[in-house]
Amino acid sequence: MNQNARTPQIAQLACSLFKKFASKKSTAKQPAAPDTAPPAKILPTPVRRLAYGAASKSLKLASESLRLSIIGLELLSDITPALRMARRNRLPHSMAAGVLGAEVATWAAIWPSLLPRPWWVTALNVSIGQAVGHFFAASAAFGLKNALRAAGKRPQDHLTPRLKRNAHWVMGTITLAAMANSVRNQGIQANLVSKSYDRGPLQAAIGVSAGTLGYGVLLLIGEAVQFTVSRLSRQIGRAVPMLVAWPLAVAALIYVAFALSDRVVLRRFIRSASVRAQRLNQSVFPNSMMPWEPERSGSPWSYEPWTAVGAQGRRFLSSGPRAHDIAEIMEFARAREPIRIYAGLTSGRSLRGQARRIMSEMDRTGAFHRDTIIIQMPAGSGWINEWSAAAPEFLTKGNCATVTMQYSILPSAISYVVDKQAPLEAAQLMTSAIRHRLDSMPEDNRPKLYLAGESLGAFAHLDSYDSLEELLAICDGAVFTGPPSMTKFMSKLSPDPGSLERVPVIDGGRHVRFAAAPAHTRHDPFGRSYANSWQRPRVLIAQHASDPIVWWSSSLIYKRPGWMHESTPSTLYADTFHALGWAPIISFWQIGLDQINSLNVPGGHGHNYYEETFWYWDSVLGSQSRVPLTPRLAQRAEKWVRDHPS
C-alpha cells in the first residue's frame, strides 16, 4: 500500500483509539463515595469539543510529521550510496540513469589523490563527484532516448527485473568495498607523507554522509534550474520556434548566473579578502621585533621604515640567523652579519618606486660588496620561505645579501587572479636594476647573483624569461621550489627522451636539474648518473610528487596527465600512490581541493620545502659556499631554524 494512502488511516485509527480510551475512562466503575461527597463536575460541551479538537489536531500534526519524516528517510535512502541500489521509493524513474551515474562516480570521488583528506574534503569530493556522475549519466540517457526516437525506434528495456536487481546489488557491494578500501588507502597515504593517521571509519562515514547530503542539495538546485529553463523556454517559444527557444533560455540563464556570480559573489569575496589582507598586513606577528642590525631594512638606520614593510616583511626582517648564530652552528671562528632587504607595498608608491628603494638600501648596507646577492621573490602576501632564506646565510658564512619586494597583500591564489602581471613586473624591475649595477662593476670584484622563489615567487622569476638561455644569462644560479602549474616557462624546457614528467631530465642535467629529493642533485629519478656534469650557472627546480600546487591544471578536466600513470622507481622518491585514478572533472576537483591541505603535512611533502633546501643551496652555490655541508652540520642548522620559528 502506498505510504500516502496509509497515513490518513493511521490518523483515523489514532483518533478512534483516543475516543475509546476517553469513553472507557468516563464509564469506568468508581468506588462508592460517601453521602457527603459533592457531585462530580462534568465539563461543559463546548470545552469537551475544544479538548477533542485540540487532541485531534495534535494527532494529525504528529501523523503529518511522521509522514514527512518517513518521506525524508526514503529520499535519503534513495540518494545514499549502496542503499540506493537496493530500492528507490521516492525518486522518479526518470532519475534512474542519473542515480546509477552518481553511484559509479562515488567510487572515483573516494579514490586517493595526492594527499590524505579530512572528512570535510571527502564530503566536498563526494558531493561534487556524485553530481558530476549524475549529470553525465542522465545526459547520456536523455540523448540516447532522443536519438532512438528520432530514428523511429522505441527505447526498450531488455533487462528483466531480476537482472536489474542483481546488477544493483553488485554495484552496491562494490561501493561498500570501495569505502572500506578508501579508509585503508587514507592510512597508507598518510604514511607516505610521514603524517600520523587519526581518521578511521567514523570520519570516512561522516564525510560520505555529508557529501551525500550535499549531492541532494545539488539535485534540488538542478531541478530548480530545469524548471526555470522549461518555463523560460515556453515564454520565449511564443515568439520563436521551440527548437531555438530552449538554447536561448539556457544561454539567458547562464548569462544571469555568471553576471550574479561575478558581481555579487566574486567581487564581494575579493573585496572582503582585500579588507582582511589589509588588516593582516598592518598587524605585527608575535615573534616580530624591530631589528637593531644596520644590515637589515626596518632598523633605525634603514631608509625603509619598520611600519612600511608589512606583516610578512616584519616577520622576515626580524627572523633568521645572526652572525653569532652562523659562527656557532657552522663552527666558524667568526661570521659576517647577513644582509636582509625588504621593500613593502605601501599606498602611493609604485613597484618602480619600491625597486629604487631596494637599490638605496643595497647601497646603504654595502650589499654590492658582499660575495653573494640573492633575489628572493615572495609569495602573494609577501611571505618568504625562511628555510630557503636561511640556508645560503649559513652556507656563505653570512657573506650574502638577500633582497626582496612585496607586490601584493593578497594570498597567492587571489593575487594571481586579481593581477598576475604584478609578480612578473616586480621580479623584472628588481632583477634588471641589480643586474645593470653588477654589469657596471669590475668582473673580478663582482658579486654572484642568484635567484630564488617559492610558489608564486618561482612563477614571478621563471615567467620573466622567454627561454632557458635568457635565464642563464641573467644569473649565476637559482633555486626554485614548488612552481605552480601555470608557470609557462616549464613548457619551454625540452625533456630528454624517456624522462619522467615528475622529475624530468633536461639536456642530460647540464644546467637545469629537477628534484623531488636532495639525491636528485646527484642522479636522475632512475638512479643513473646524469649524462652531463652540472655546469654553471646551475638551476634547481624542486617539486614534490605530492604537491598539488605543482600538478593542478585545467587539463585535468578532460585529460589524464602522464605523471599519473608513469613508472615510479624507488629512486623517484614519490610520496604518492604508484598509480592514481583519473576521472573527468572529478580528478580536477580532487587535486584542486588538495591544495587547501597542502601545508598540513610535514616538510619534504606537499607544498612544504623545508630541510631539503639546505642541500639544494649547497649544490647550487658551489664555490660560494664557505663550508662543505655534511649531514651533521645540516642537522645543526635545520634544528636552529626549527627552534627559531618566524
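Any Cβ shown, glycine's included, is placed from N, Cα and C.
TrEMBL annotations: computationally assigned, not manually curated.
What TrEMBL says about this protein:
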- 112-321: domain 'Alpha/beta-hydrolase N-terminal' (DOMAIN)
- 339-624: domain 'Alpha/beta-hydrolase catalytic' (DOMAIN)
- 94-114: transmembrane segment (TRANSMEM)
- 120-144: transmembrane segment (TRANSMEM)
- 165-183: transmembrane segment (TRANSMEM)
- 203-222: transmembrane segment (TRANSMEM)
- 243-261: transmembrane segment (TRANSMEM)
Hey, which bits of the same chain come close to the transmembrane segment (203-222), Cβ under 8 Å, at least six residues off its ends?
75-76, 79-81, 102, 106, 109-110, 117-131, 134-135, 179, 182-183, 186
For the transmembrane segment (94-114), the candidate among 120-144, 165-183, 243-261 having the most Cβ pairs under 8 Å is 120-144
Across the domain 'Alpha/beta-hydrolase catalytic' (339-624), the model's average pLDDT, rounded to a whole number, is 96
